[in-house]
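This report refers to the structure that appears directly beneath it.
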């Protein structure tokens, strides 16, 4: 993430792509917010969390899908 910020500040290239480790770090950070938002009483926020989960699962499925499966499994048990 630090190297990404440095290259943005220096303007080294017109397009910046995240590497695997940066993508994983980004997804982990955003997932923390999504996890909290999905249980919100605010319907719009809960819908946004679902949409974010869907988008994040395309970026790093190995990080997103196991937690989603776990939540679905817990919901089915209750």
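Cβ coordinates are placed from backbone N, Cα and C, and glycine is handled just like the others.
Where the annotation comes from TrEMBL, it is an automatic prediction and has not been curated.
Under the heading domain 'Proteasome activator Blm10 middle HEAT repeats region', TrEMBL lists 14-78.
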### Query
Looking only at the domain 'Proteasome activator Blm10 middle HEAT repeats region' (14-78), what are its DSSP counts of helix, strand and coil residues?
52 helix, 0 strand, 13 coil
### Message
For the domain 'Proteasome activator Blm10 middle HEAT repeats region' (14-78), report the average pLDDT of the model, please.
### Response
87
